[in-house]
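*Asks:* Below are the structure tokens for one structure; questions will follow.
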């Protein structure tokens with residue numbers, strides 16, 4: 001039948017010639033190809049010393065941001081935890097006391113903020129959900145560790161370093 | 001038998017033993033390096049300069065690993081398997097002429113442990129014993145994958161031994177001698193190398209050598225994607241190391257045999273025109289022999305990382321329906337050639 005798209009190609013299956021059935025010419029060709037590969041540039045990146053360049057929109061470990069005065073932006077609204085498809089984020093909110101105005105931007109803040117890095121799928125939905133621009137996935141890779149409990153990152157690991165004045 | 005003779009042979013045995021083990025150890029590094037280079041990687045490079053100490057690290061790891069002997073296995077044979085594999089791999093080197101003789105004063109030292117007049121036959125015997133190590137180890141594991149691997153190894157080695165023997169017969173018709181020393185001595189210079197007289201025989205021999213060493217493309221006894229680990233599935237620690245080591249020593253010995261039988265052994269071009277003293281010629285000859293051996297080891301690895309594994313029926317087809325008829329044809333052709341040469345080119 002006539003092909004409608006005209007893209008169909010009938011491939012003829014010829015019986016193999018003697019040279020093809022001997023395999024040896026093909027093996028010699030293959031050996032030549034692999035031999036040439038010996039002198040090509042190596043693709044290896046020597047990881048701990050050298051790192052692969054990561055793209056602009058790379059999503060790494062989370063960091064909780066501070067505003068221009070060094071106050072924590074997070075108000076513990078819980079939208080990130082709600083948005084998280086992997087249920088990796090938990091938090092406990094607390095009220096800001098008098099004399100803590102220099103630490104927290106608004107009256108409510110996250111006393112505990114934990115991300116379980118083994119649950120996290122690094123999708124970035126928390127970043128999108130956050131109304132206060134408080135969480136960003138701009139960190140490095142997640143490094144290996146020995147215990148599961150060490151993969152639950154608290155505020156000590158997540159919050160940005162305070163501003164230097 | 002004098003004491004000096006015993007000491008001389010003993011020293012030679014020790015040296016060859018150490019060299020075999022050293023070459024086998026560094027073959028593991030070379031294998032990984034060559035695999036890496038062919039695939040655009042750098043291979044092991046952390047332990048020492050360019051990974052120089054990687055074999056030592058691997059060996060130490062093997063020794064410190066837990067030795068697991070399955071409770072349902074036959075314990076004596078389980079340990080005997082890798083030991084036998086190592087033993088048979090190592091004793092093959094006894095008849096290989098590593099060089100001509102060295103002369104110190106009036107003592108002449110032959111660089112060959114035993115010049116027996118049926119050297120090739122001895123090699124054959126040892127090679128066919130080699131499969132017992134695999135067979136016993138695989139059977140004693142009491143594991144179906146091990147048994148499958150062992151059976152494959154046995155049938156493969158037996159099949160390819162025939163073709164190998166046929167290629168050797170054609171070679172013997174040319175050399176008129178079974179002694180490896182004699183064969184090596186006949187091939188002095190470059191033009192007398194047996195590979196020029198026996199190209200087809202060499203091709204058959206090298207293919208069979210790949211199969212006998214269980215190297216890719218004929219590594220069906222340990223094909224990982226079908227048989228877990230083949231005959232050494234149940235092995236761990238240094239007993240596994242014994243099997244792997246035996247494979248690399250086999251590769252070294254068969255490279256040495258190929259170099260001796262077909263590529264002139266210790267002979268190198270213009271060796272008699274240089275006008276150097278005999279001892280120097282001998283030492284250069286040893287270096288040349290090792291250069292040839294290392295080339296063949298490289299070739300083994302080069303093929304391993306190029307050609308995919310054969311299917312089992314393809315392996316048997318190649319062995320029985322292609323190589324054996326070719327080997328017989330080679331014998332006939334060689335016979336005709338010898339008669340033609342003797343009657344017309346005298």
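Cβ coordinates come from backbone N, Cα and C, glycine included.
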*Asks:* Per TrEMBL, which of B:190-211, B:212-233 is transmembrane segment?
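*Replies:* Going through B:190-211, B:212-233 one by one, TrEMBL gives transmembrane segment for B:190-211.
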*Asks:* Where else in the chain does the transmembrane segment (B:160-178) make close Cβ contacts, counting only residues six or more beyond its ends and a cut-off under 8 Å?
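*Replies:* Result: 117-121, 124, 127-128, 186, 194, 197-198, 201-202, 204-205, 207-209, 211-212, 218, 261-262, 319, 323-324, 326-328, 330-331, 333-335, 338.
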*Asks:* Would the transmembrane segment (B:322-340) count as touching the transmembrane segment (B:190-211), if touching means at least three Cβ pairs under 8 Å and pairs must be 6 or more apart in sequence?
*Replies:* yes
*Asks:* Please determine whether the transmembrane segment (B:280-302) and the transmembrane segment (B:76-99) are in contact (criterion: at least three Cβ-Cβ distances under 8 Å, sequence separation 6 or more).
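*Replies:* The transmembrane segment (B:76-99) and the transmembrane segment (B:280-302): touching, yes.
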*Asks:* With Cβ distances under 8 Å as the criterion, find the stretch in B:76-99, B:119-140, B:248-268 that has the most pairs with the transmembrane segment (B:6-29).
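*Replies:* Most Cβ pairs under 8 Å with the transmembrane segment (B:6-29) come from B:248-268.
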